[in-house]
């Protein structure tokens, strides 16, 4: 019998094989070989691509190098979204590995945030965790933690230490049993078809009548188009970590088990493949 | 925690019970009559019915209530006839009791009541002091009375033999009337009843005290011996009652200073009685303890209650005054005895009656409640609704009334005067219908109560006009005018003041409208004496809609909500995740990982028990460095940085060399021990102490995870796992390798890696199909749920589900020592050389009542100090044991040579923890054994035998291993296997050979046990090794090993398939405490006095080396982890060593397998017949 904790492991150790190729627009001294890497789904692009950078810098002149950014089929990839979300949103249902183009020039200021160092990622990550805990526990848990505990969460993610991360994150996932769940579920719904970055609203895991709310309930409220009647063809795929959970899955369980390390449940809604 | 029952009577006299696990009131259908009162304890429920008789309801148990009758047949030898029944005139009777003084022929034995039945006919007991006798069971002596021997000698002139016969209590799960043989001496019926006293000091455990109040306010008591405790002699200090029956026998009157209206007694010595003086709201008596039994003051409570009842573990139950609902006092804990708030118990009843019959029965009970003229009342109701009520009212309980003699107009008067009579308890005392014929003498009473009513204002206060206003028109056959007069004649005082008088309460109610289908039930009486509610458990009684949420929160350690594991969405997520991993990773594993693994260090400060002399605790820095090994497996190193002669030094230990981490909590330090194989051999672990318990648990959990990671062990224990338990009750499990039982060079057992599993047990047993059962110190049986972790293992080191709360209770003992001197006799003034006057068992450590703490911070006291009479060697009536001097062998009676004495005090403490264990209620056990199976066998039905803590042998039915986890390993029910004496150890071998050790130290073999006949047919008495009393037995595939009380290990010789009893015992070893023989006939023991290179250890796991099929005794010992180990089971390890090929052995298993599985259908039918 599989254990719920196996889900946590599966989520943490999810990897996407990626093939990084240098953009043809870049000037190189000699031809750059593509670089193959297994990317952790729960991490951030700029956090795990030091090797990619090193690889391409070897064929480039220093004066041609500005801030590195990534693009997939014309779409700049936002580093502050978890890698798994970027993949699900833009590249699911395509052949693997994931072909990511690497740029060192023409930073798309309108689309991307600058990421000068890992401390920027850390700040972003911690602000997400804090926001999530504000929703879940009125920030009580995260505020009760010490500085070194916060550091442990970040170090756990940075160094891919599942145990180290979860030893601390466990506390963020607790809730009073009599309430049946968090105060609000921290979630974000992403879609490719909209200009809005993502949908985020206050949503409780339990209805006022005491019913456990499900993924279906959440979508009904925020993205009714994702739910199709039985007879009509499926228009959208609802992806979390590359899988499509059933709509009757309790939202609280999803929040506890399928959240990213930033404690948000990132839901990607993509058009269903037409085949 | 097993479910227990809350009992209550509604205002119509119907008895309901509510299980702590249930969510609705169950109507006690068996009750064909109305009840006034119930008082419940865990095993039974007493009540007073409206006919004023006492009724008893004994819960059915899988262990029957049995009592052994015995008598002796005596014979004398004469030269003509040899031994014959012709005795000398001066001799005893031919049939007598053991002393010979009482004439006891077989035919004189009568069943004590109709609720008993004989189990079988008389038969001869052939067991004499643990040894089988010659045929006929005769024992010989020179003359009566004398010492008897089993051998006939030349001078044996007399002989005797013991006949035994069992009777069985048959009236279970039904209400039976307690025959009141003392009718003439009981002038008035009972008005209130209470049951308790199962923890009274100086009484043997398990007896009950039943108190009752008669209508005249006299208190009577009756001691009821424990009906599960039937085979031993019992001594009563206060009463001469010596009947081993649940019904008790004689009522004894207790003088009281006033008139008692209500009485209540607790499990201990306390009895409370409410004297008839006036009013009582709900009060809480503060400060009641053994030193101050009267308490120190009353605390008033918010809320008006009709009656209250204190249940087990101090939980308080009450019935509200306004709404007649059952309330539960929330938040009553040891520290806050007065609780926090009243919470109403709102659960539906199992069925609601139709409106019409409800009203009819309300009429009936309205009359019944008021004693006096029951017959008339039931008659009246039967006339009004005859067809509905005839069956209920009929039977022996409410005798068929004499129709015609019922003068209807008088009914209300009868009602009111018997009501009054209950209250003021008429001094003429002629109310009882037992003594008074129904028609005649009731006439003079008609005026009497009214006079009383006017004379005494207080009883009339009970009904306010507002309440009487709601009289229902359905009371057509009741003279309303009369009733109204009575009611309004009172001054209309506060009804609540007298509301604690339950008879008043019921009267109030009778005037209210009978409730319809949807109205909440109205209750008259509640008894929580049998209802155990722990502070930490949640009841799902209070609000049905949230009950599911409450249920799920029972799993305290759970990270998640954990709905049913079978939910489709969950399965789908598991499947998709593994599909995803396959899709996205399988073909790309050669890709480089984005994040390089690095070292992770955790540091802390600790104290370390220095390895060299002088040994002492020194402050050290402690660090664990974890890193990924070359093949991706995790590993780590432990560093201890210390200062020696101002020089900084460190020592280190590789995590993959650690074999076990043992927590050693005591009251002064939070320490744990780390063993490696080398340190196990030395008997010298690395000992560390953390500053706080929390810190210690954090470190232990982290180190444990780290050790498991380094060895690639994760998840639940395998089916083959070897389980062991320490003397602290900690549970450890080890995964055996194939090499562990290899011959001739097995893996040394000092190298075995043990990890801890949450929970607290005394005994654990397993088999290779993954069935694991344990027994706690409080004899509770537990079954392994298939989980791991719990206890201090949180989060990742523990499975998220399958973890439950586990409690255990044990006693702490201290000794009070005294020395005799010619002036003052025995005093606590010892000689200067004597031990402490309050000490531990050895006398070396001072242990007073005040300074003795529970064994560790995890334990809390749950009782006060009491004298322990159950000490080996016996005690006198004050618990003293005498001896010539300290330390010596103590005996229970004082002789001239005794100059010192001691007595043992016991105090119970309780542990609450969590672990992958689920309780198997209700029978407490003392030993257990599970059928060992071959490596690949698929037995559908797993034989599991156990011994109850009373010594009954039980066979568990319905244990299977089809799916791992608790539900199938749990089994369905116990089958009792009859024995002539109590037992203490049992073991079943691979081909269903069952061996057991009786409490007298003799061995028994059970014949004809098979998969088809799981309980076997009869016992064969096997003589013990000469002069030894056996203690424990373990049976493997073919080997039978026993341990005696002097620590000798014995092997049974000559055991063959055709002669499974074997022929003789062969001594193997001494200093053995326990033995476990596995399915490969491997022999493991817990041994004492094992010498290591640094120290000596007791309680060490040892494995017998050189055990081979042709050489089952082996030749020497291999020493493993210890000391401080109490129990081991290797009965799950059926993993054969790879090199050994034994064709005969495999044949054996294939031969037995079809036998075990093929005949399943008969299994369920058979047990009934045995």
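Using N, Cα and C of the backbone, Cβ positions are placed for all residues, glycine too.
Automatic prediction, not curation, is the source of TrEMBL annotations.
Feature annotations, courtesy of TrEMBL:
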- B:424-436: compositional bias 'Basic and acidic residues' (COMPBIAS)
- B:445-457: compositional bias 'Basic and acidic residues' (COMPBIAS)
- B:461-475: compositional bias 'Polar residues' (COMPBIAS)
- B:1145-1163: compositional bias 'Polar residues' (COMPBIAS)
- B:64-125: domain 'Peroxin/Ferlin' (DOMAIN)
- B:137-170: domain 'Peroxin/Ferlin' (DOMAIN)
- B:600-710: domain 'PH' (DOMAIN)
- B:807-868: domain 'Peroxin/Ferlin' (DOMAIN)
- B:879-912: domain 'Peroxin/Ferlin' (DOMAIN)
- B:381-475: region 'Disordered' (REGION)
- B:1144-1170: region 'Disordered' (REGION)
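Counted over residue pairs 6 or more apart, the CB atoms of the domain 'Peroxin/Ferlin' (B:137-170) and the domain 'Peroxin/Ferlin' (B:64-125) come under 8 Å in at least three pairs, which marks the two as touching. Comparison of B:64-125, B:600-710, B:879-912 by number of C-beta pairs under 8 angstroms to the domain 'Peroxin/Ferlin' (B:807-868) places B:879-912 first. Mean pLDDT for the domain 'Peroxin/Ferlin' (B:879-912) in this predicted model: 85.
Taking H, G and I as helix, E and B as strand and the rest as coil, DSSP gives the domain 'Peroxin/Ferlin' (B:137-170) the counts 0 helix, 16 strand, 18 coil.
Within the domain 'Peroxin/Ferlin' (B:807-868), the DSSP-based counts of helix, strand and coil residues read 0 helix, 27 strand, 35 coil.
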